[in-house]
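Residues annotated as domain 'RGS' in TrEMBL: 54-179, 198-323. The feature domain 'Protein kinase' is assigned by TrEMBL to 339-602. Feature annotation from TrEMBL assigns ATP binding site to 368. According to TrEMBL, the feature active site, proton acceptor maps to 466. Annotation comment: TrEMBL describes 603-670 as domain 'AGC-kinase C-terminal'.
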């Protein structure tokens with residue numbers, strides 16, 4: 001038969017997925033190529049991470065030992081003799097019969113120790129030889145040889161096997177086979193074990209949705225219509241224009257609901273139909289159709305898609321493709337070579353920010369690089385790691401369009417790198433210096449978007465603590481995002497009390513030593529920032545004073561000057577935000593951002609429109625220009641500062657968990673850039689592979705079969721007889737075929753076992769009847785499948 005271990009182990013690529021053989025440096029010079037079905041590199045990474053890529057860990061596992069033995073017997077004759085010595089010692093120690101142990105002990109001495117001593121090739125300590133000789137001499141009188149006679153040899157034998165055999169073994173095909181078995185053992189139900197093998201988990205991922213859609217459009221015409229219904233409902237709910245929403249709503253009803261009702265094929269509850277009909281009837285008078293008109297349909301549509309489409313999808317090549325993409329995501333290991341880095345656009349306390357382009361997708365980002373030596377010099381390790389944690393908190397799940405979010409974090413020996421949204425419109429501090437103070441209408445626009453950004457942070461129990469114009473960045477359309485979360489803090493478990501931030505924007509409670517605070521600090525800072533946009537200076541920084549103590553004193557004691565030149569509405573807003581008493585401050589009275597949004601200053605604002613960035617920006621940055629200070633003005637660090645700083649292993653260990661890929665954002669990046677092209681290339685490559693197999697006459701009828709071969713399967717009424725079967729491994733199933741007398745496969749009688757019906761596979765060979773090396777597959781139904789060669 002075809003190599004049975006390979007037949008079974010190859011399926012692990014589909015269940016646990018594989019890693020690209022390309023290095024990041026290689027990927028940087030070409031477009032993405034999805035990985036081949038190989039799991040060696042994945043398992044090396046996994047075993048290294050779990051501390052299992054050691055001689056002892058592998059040698060102590062039954063399959064690891066057998067494959068190591070097979071390797072040395074085939075490749076390293078001298079070492080095979082050492083391993084035989086080890087095995088004989090193990091047998092000796094297991095013997096209970098003293099006579100047999102005495103006989104085997106003398107044979108071990110003669111065959112391994114004495115023979116090597118005579119040949120001057122014995123590589124073990126002479127003290128071990130002497131000890132064994134003394135025990136053997138004593139045994140002539142007592143006819144007794146202790147079970148631990150050769151035990152001192154064991155450690156030295158294993159040392160020799162490790163020093164001479166382990167590295168070559170790791171480079172061999174036998175280690176690849178070990179990886180296959182280990183991967184199969186660990187990951188045949190990888191997605192199930194992680195809770196990701198559900199309709200909702202896959203459907204809610206961007207790439208999962210696209211591949212599910214592709215599958216139903218190709219294979220399930222009726223279900224494709226249901227999915228189109230779902231997509232149209234999503235489009236309907238995103239529309240802001242009432243006229244367009246009314247038009248699309250009526251079209252959805254005519255095309256999907258009414259058409260199916262007439263054909264008596266509408267599979268959803270009549271109560272849903274009635275609800276939509278009532279809203280449509282009312283819309284004829286009001287010319288208004290609510291955004292949630294079809295929302296009750298969503299749950300039932302998803303139920304239908306799951307019940308009718310999910311199982312077939314799991315058995316399709318599109319699910320295999322999803323596994324390939326998911327594997328690629330799980331094994332991203334970024335380096336500088338994955339980006340082309342452009343000019344500097346900013347500088348902070350620990351490093352610089354550059355524009356960059358991701359090489360395999362062409363996506364533009366900002367790369368924030370923190371210098372590890374400068375971090376060590378200033379004792380900023382906690383701040384750097386905190387920024388990584390805060391960015392992951394606000395970037396995962398439903399990210400906010402008003403916060404500069406992170407897609408990746410990675411490190412080099414000298415740098416910590418954040419890959420962030422690129423905001424090429426400059427910051428509000430820069431535009432304040434170029435544009436002058438802003439009018440109230442302009443301030444209202446910026447305030448509304450910043451409020452939604454703060455609301456998102458606070459909903460995740462993050463207090464920002466550094467709100468100021470310099471940290472509010474503009475995109476190319478003039479919409480703003482909050483940036484630089486280096487001082488942000490999680491207050492979900494414990495309120496912070498550290499006095500951090502920028503003087504002139506810090507709340508009184510932040511300045512008071514030992515006082516605990518939460519999101520209240522951000523609402524005060526918002527008041528300070530809006531005041532500066534209106535007046536050109538902080539409310540507590542008069543006459544351009546730079547004395548921090550004076551600024552702090554004024555913050556704690558002086559009420560800001562809110563002159564009659566400002567409207568009553570903005571004066572009320574600023575008075576509410578700048579209240580020194582936290583309990584009286586807007587945003588701190590129990591309802592958070594809602595209190596601020598309800599202020600008269602924001603009357604007439606549609607907050608949904610704000611979230612969707614539908615309001616025109618008052619200032620659209622010039623296109624094609626770098627809206628930041630000149631690189632010369634930004635300056636650079638003095639390398640002399642860190643010349644004497646050395647990074648130790650302990651320093652590097654601090655950052656061991658720094659790398660991160662934000663799944664949702666990576667999938668969005670891929671889907672917007674190369675997803676379609678890569679899939680087309682992969683499909684073409686697959687067709688070529690199938691054609692090649694067809695030309696060779698191999699697997700012509702079953703082109704997606706990975707490998708096949710002859711096996712013996714335990715069968716019969718009482719599982720007593722071994723029956724010859726032809727086994728085929730597909731991406732999602734095992735097939736057992738019988739053959740005719742002419743050795744032709746009988747397809748109609750094929751037995752199919754889905755990969756999702758398999759619970760696990762015994763990691764070691766089992767002995768059944770006369771066969772030693774039997775593989776046992778445990779099914780979720782508690783049945784067992786026994787096969788051997």
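Placed from the backbone N, Cα and C atoms, the Cβ positions cover glycine too.
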Between residue 466 (active site, proton acceptor) and residue 368 (ATP binding site), the C-alpha gap once rounded to whole angstrom: 18
Count of other CB atoms lying within 10 Å of the CB belonging to residue 466 (active site, proton acceptor): 22
Proximal but sequence-remote residues of the same chain as residue 368 (ATP binding site) (Cβ under 8 Å, at least 6 apart): 348, 351, 352, 353, 417, 418, 420
Residue 466 (active site, proton acceptor) in three-state DSSP notation: coil
For the domain 'RGS' (198-323), the number of residues DSSP places in helix, strand and coil: 102 helix, 0 strand, 24 coil
The domain 'RGS' (54-179): DSSP-derived helix, strand, coil residue counts: 102 helix, 0 strand, 24 coil
